[in-house]
Ligand SMILES: Nc1nc2c(ncn2[C@@H]2O[C@H](COP(=O)(O)OP(=O)(O)O)[C@@H](O)[C@H]2O)c(=O)[nH]1
Ligand SMILES: [Mg+2]
């Protein structure tokens, strides 16, 4: 993630604070300057940065310390709070009230509409909704097939006709087609064949009139940085029911600029796109986003990822319990590594764990596909007892397993090492550590762990 750079810079500003012996005015001002620099580097509007950092500085210098809180902790909390407010404070979601709920997606060509629609469809499908997609992009010949291909693995139906030239007609027909099919949600894709805001709004008006959507979603390319302001503003003025998806935040150094610019217009960001895969969509929650950015970890986000997995029957809640208690065996570990492989980079997930920040050793998180395959072969040569109680595996067993699986003693040891490392790691994130962190951050939600 390129936003990682912003996160790193903010994180190192806070680390500087943590390292200093005395927290006086000079230190506070230096930290504030570092934060300023980090934000401006990621293309956040200078005026917004100055306003924000002025507030942080004022609060840090003037506010009375709550009892039992150190000056450093207090400043971290202020930075966290102000950044959270800066990015919109509360998470907002797309409400599905009526059946069918019709959503229309608009945005400039290349902004990521079609990809985002596929992501949204999958997101809602995972939550139990039956979704139908309508392609009205009559400009790009491949548009219909692009969407179809993206959602094919999930059996989501796409309505469209590559021969038809009338987008409005397609929109109307598509919506009535899926109404008859009794789906829960209909999402309509549009072409967005225009260069600037005016054309975009006009297209939205026309299709809107034809299908009367419950919500219009504007898709904005995050790589345009603070230019996102004008698009979001024009959109917000034209529609009271809009929501926004900011895409490509995985690759853009300007992501911070795009996000803050959109928030500054008062238009709600509901999702962010963080990759090209259908899974790479995240509900936008400023609290969660900022704590991750600052390297404070994000237990809530982690839980949500686990939850999604368990919905796919790949990872169940009791398994998570096992892991968090450090009571898992080799079979559990394998299932989990496999699941994480499917879910995307393990590193991304582990970054959400409090205290881990960006300091995870790479060799620990990069369990590549090849290694996973090798693990599987090795495990196939183990007895049931060994899989369930890996602690009994002594040297002579290691030799036998290596021989049986056609691997080496070193390979078997590597697997056991991975297991022991993981065990240590999960044991390290015990409840006390989590609850200390929760206290520090105040209002953050660490639900699910009973702390
Ligand atoms: N890295 C990255 N690429 C994205 C993201 N969203 C879309 N893209 C890519 O951006 C390009 C344009 O996307 P598309 O959905 O066709 O845009 P549309 O013209 O608005 O429908 C494609 O190559 C997508 O794979 C994202 O969140 N991250
Ligand atoms: Mg498209």
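Yeah, the Cβs are placed from backbone N, Cα and C, and that goes for glycine too.
Record features (TrEMBL):
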| type | residues | note |
| --- | --- | --- |
| BINDING | 107-114, 189-193, 247-250 | GTP binding site |
| DOMAIN | 268-281 | domain 'SRP54-type proteins GTP-binding' |
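Close to ligand 2, meaning a Cβ under 6 Å from one of its atoms, is not one of the binding-site residues 107, 110, 190, 249. Residue counts for the domain 'SRP54-type proteins GTP-binding' (268-281) under DSSP, helix first, then strand, then coil, are 0 helix, 6 strand, 8 coil. Sequence-distant contacts of residue 113 (GTP binding site), defined by Cβ-Cβ distance under 8 angstroms and a gap of at least six in the same chain, are 105, 106, 107, 189, 190, 192, 219. The candidate set comprises the binding-site residues 107, 110. Of these, 107 has the most other Cβ atoms within 10 Å. Around residue 193 (GTP binding site), the C-beta neighbours below 8 angstroms that are at least 6 residues distant in the chain are 109, 139, 199. Counting other Cβ atoms within 10 Å of each Cβ, the binding-site residues 190, 249 show the lowest value at 249.
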